[in-house]
Structures are given as structure tokens and as C-alpha cells.
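Here TrEMBL flags C70, H435, E479, D515 as Mn(2+) binding site. What TrEMBL records for R109, K372, R403 is phosphoenolpyruvate binding site. Among the features that TrEMBL reports, compositional bias 'Low complexity' is placed at 266-284. Annotation comment: TrEMBL describes 285-298 as compositional bias 'Polar residues'. For 259-313, the entry in TrEMBL reads region 'Disordered'.
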Amino acid sequence: MSIKEWTPSSWREKPIAQDVIYEDKAHLEKVLTKLRRLPPLVSPVEIDRLRSQLADVAAGKAFLLQGGDCAELFDDCSSDPIEHKLSLILLMSLIILHGSRLPVVRIARIAGQYAKPRSKPTEMVDFEVPDEGGSGSTKIEKREVLSFRGDNVNGYDKSDRNPDPERLLGAYFHSTATLNYIRTLLLSGFADLHKPLDWSFSHVRSPEIHKAFSAVIESLQDSLDFMKVATGAVGGGERGGMETVDLHEALLLEYEEALTRSDQGSTSRSFSPPASKSSTPAVSRSVSQVRVGTNSESAYPHSPVRPPKSPSLANSLANSFSDIWLENTASKKTEKWYNTSAHFIWIGDRTRQLDGAHVEYFRGIANPIGIKTGPSMKPEEIVRILDIVNPDRIPGKVTLIGRYGADKVDQFLPAHIDAVKATDHVVVWQCDAMHGNTKSSQTDPSLKTRHFVDVITEITKSMAIHREKGTILGGVHLELTGEVNEEGYSVTECIGGSMELEDKDLSFNYRTHCDPRLNFEQGLDVAFLLADHLRSKRKGEQPKDILLSSLRGRSGQPQK
């Protein structure tokens, strides 16, 4: 099909992976009709701005930090969990910003990550049933039930596994509430760089790492104090400020279709002049415009040339009529469609079939998108999927999210880089150091875990490979959380890091309903590591041994 034949529903003509079967089709259609009438969660203005920022990442002018839960729960839509996740991402980005001297683009896995792909549609679970002997006792019986697919599909409780269309509405309203609270926090100074920061390293076991971390923070605080005195600025409005956007994996295409909106609709039209010239190629900013009612400084977070100050009221009125006339005469421009459920969505490793429904849907939307790549993806397949989803070669449009595993990244990533380098595609290269490194706990095989040594090994190997190939590792994609339990302890789901968590510690505060996440302290560990590498790259030096070797463990092996 040509791009002119694409519609938000053309994916329905393709085979679909990870489909959800709803028994009551009429109920599903009623819910989807409601979703089609509800307002968008994000705007095309925000989406276009993110795409231009990702074009800077692709060019090595910014760094991309993505992080959040493997799968959100509706119960996570509460102030404390949201604040904990946001604060961790902000602190990590501040550390990376200080080391790299690059703006950090923050994308959170939040406000929509309610669905999860599963390797099997069903699973065997234990049910307590009456003993047939009639003595009143019970016994455990294994029964096959549908797998938990996320809160927007079915319930985690084994008795609540039938897909329920009403959960799609639940996903919309929980996403809306989460986004609203994030916006409120950011507008209320939650990310003010000049507020006192609580940097506690009591968790760090190693005196060497404690000293290294403290030295970085002392330098960072000095820099912030200098900024405050020299400029009187409060972080957030300038390039590299604390704006954060959301993303999720687009699994349920019915939901995504219902929130796909045209840029020629009345609510998303712009009657403003085009953005001023920037350092990023014009093609990546072709739809970035100043919007009426926005602060012109914040509307151009990446442009070194600021727009002119507001003209007089008379000139504003005259210009507005001219802009309306120009908009009406240009009404024949190509229509663009935006997925307004999130700023950034991605295709997973299980749903990237070239002739499948998900690739068909993704090829028609204007959002920046991610594509998971790994050992199962052939180099030529990457080129073919890039040609399909980004035929116009727009910089910042596609992020390739590598999920290889620490023991396989040097086997597969080089060929993938060579395949893309042979084309004219400009992509963001990103390392997902989590999904290829999942293991079972030795103490309790029912628990999934990840070794911190594997996470940092995949990141550092990826950096080295890109350096050898003359390409840029633009960012990392991490599953992490800043949440704590009632006693204030971080989650214990991944082994290692400066806390030196061991396998036997996992059960202490293991909370995930899906994949294991880095906790607050381990997230900061990764940030310090990235900052050290990026600082060394900037200065043409080798990274400090103390952070690399110590965080890998004294013997260089995962902690047992």
C-alpha cells in the first residue's frame, strides 16, 4: 500500500501479533466510540518538538534517557509513586547533563504503559479447591488461565483474567490523571535545579565509590550555584531543562487507533508562523511552530536563535489575520496523523513483522517511534522496516532500541550498524540493557532478576562498538523505579550495584508484577557511569576505573 492509502484503521487488513480477543464485540465498540470522542492526551505541538529534539540526539547534540516501569498498574496512579519515578529520572538526567555537557531528552515509561506482550497466551496457576473427600479440607489444583496482559486488558488476580473493554477507558483516565499530575509538578517547581538536593550515599558500601560520587555531586552543586549567581535562572525553561515526556509500547491497536487524530482537525491547527532556523536539518522541524498562548522561549527549547519578542497589539492582530489567510490558502497540504495517546510509542520485538498490523499502523503516524532490535533481527530486516516507517528519511523519526544482552551485543550490533550506515537513514541508536539480561533467581527460581554487571556491561560494550564504527550511542532505555516501601526501603529486584545487593536479598522488597527494575540507588549508579563515560569522551580520556571495576564487583563477576 502507498502512504496515500494509509488510514488509522488500515492495520485491520493485516495479520496481528499479540492480539486480545474480546468476547463482547458490541461492548468493545461502545468503548472505542467513547475513546474517539475524548480529548487527546498530548498535542501535535509537543510531539513535533520531541521529534526535533531526537534529531539532535541522532546528531550527537543531546543524550536520550528513557526510564520507568516494565508495566504500570492502575494502582500506581498516586502522588507518591509518580513523584518517586519522576525524581529519579530528573536526578539521573542532571548527573548525565553535568558529565556530558549535553542536553538530556527525558522520556518516561509512564502514563500509558499498561499493556504487556506475553510469550504465551495462557499460564498454569494454583487454585485452592475443596477436597473431594468431603472432610472440609482443601487441596491445590493447577488450572490453565489467560496470562496477565496488563491492567488495560485484564486483572492480575487469577480470577480476573477475561479481557474487559472497560479497562481501555480505565487506561485513558489513569493516563490522563498521571500526565496532569506530572505537568502540575513541573509547573510548580518540582524540577527547579536550584532547590536543595538531597544527595544521600549511605547505601554505598565501597569507600572508593562513595568518595567518587561525593566529588561529582560537589562539582555539580558548585556549577548550579554559579548558574544561579551568574544568570539568576531557574532550570526548566532552557534547552536541557527539566521537560519530561511519556511513552509506551503500542500493543492494543484498537486503543491507539481511537486516539489517532488528524492535524487538520479544529483542535490541533496552528495559525502561527513557522519556527526560526536551527542547527538541526530543516526536514526534522518542518512541522514545529510557535503556538498561540505559549511562551515563545519554551516553544523553542532547542533553537539557538530565539524568536522575536511579542509585537504590539495592533501588529499582532494584523499578523493573525495574515496567518489565518496563509493557513487557509495552504489547506491542501499533506494531512498528518498523530497518535495522541503518548508523545513516543514503540514497536516491540514480538510485533515488528514487516507485513503485520503494527508496522502498518506505525508507518502512517507522525510521532517519533521506537523499534526494538535484537539477536533475532537480521540486518536487512532493519533496513526494510526503516524504509517502510520512515520513507521520507526524517531525522529523529526512528529510534532503534537495541536489546541484545551483555553476552550477545558484540556479536549482533556491529552488523546492524553497518546495515543502517549503508543507507541514508538518520536514526537514534539506543541501548536497552534490561530485556536481554533477564535471569532467574538462584534462591527462588520463580523470581526474575537482572545482574547489574550485565546491565553496565551491555551499555559500555555498546558505547565501544559505536565508537569503533564512527556512530553515536544516543541514549539508554532502562526499566527502573524510585518507589520505596512503607519503611522507606528501595525495591530489591536486581542484583548488584553500589548497594551490593545479593540474590538472597531479592525477597526483601520484591514488588514488580512483571520484569525486575533497577531501584533508586542502582539508577543513580548507571547515571554516574554514563556521566563518567560521556565526560571522558568529551575530554578524550579513558573512563575512571573506579566506577567501572567497582560497580562490576570486586571480582568482575555478578554477585552471588
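Backbone N, Cα and C atoms are what each Cβ position is placed from, and that goes for glycine too.
You'll find the Cα of R403 (phosphoenolpyruvate binding site) roughly 14 Å from the Cα of D515 (Mn(2+) binding site).
Between E479 (Mn(2+) binding site) and R109 (phosphoenolpyruvate binding site), the C-alpha separation comes to 8 Å. For D515 (Mn(2+) binding site), the same-chain residues that are 6 or more apart in sequence and have a Cβ closer than 8 Å to its Cβ are C70, A71, M434, H435, T438, K448, E479. Largest Cα to Cα distance within the recorded phosphoenolpyruvate binders R109, K372, R403: about 16 Å as a whole number. When the binding-site residues R403, H435 are scored by other C-beta atoms within 10 Å, R403 scores highest. Under 8 Å, Cβ to Cβ, and six or more positions away along its own chain, K372 (phosphoenolpyruvate binding site) finds W346, I347, G348, D349, R352, I401, R403, D432, H435. For C70 (Mn(2+) binding site), other Cβ atoms within 10 Å of its Cβ number 22.
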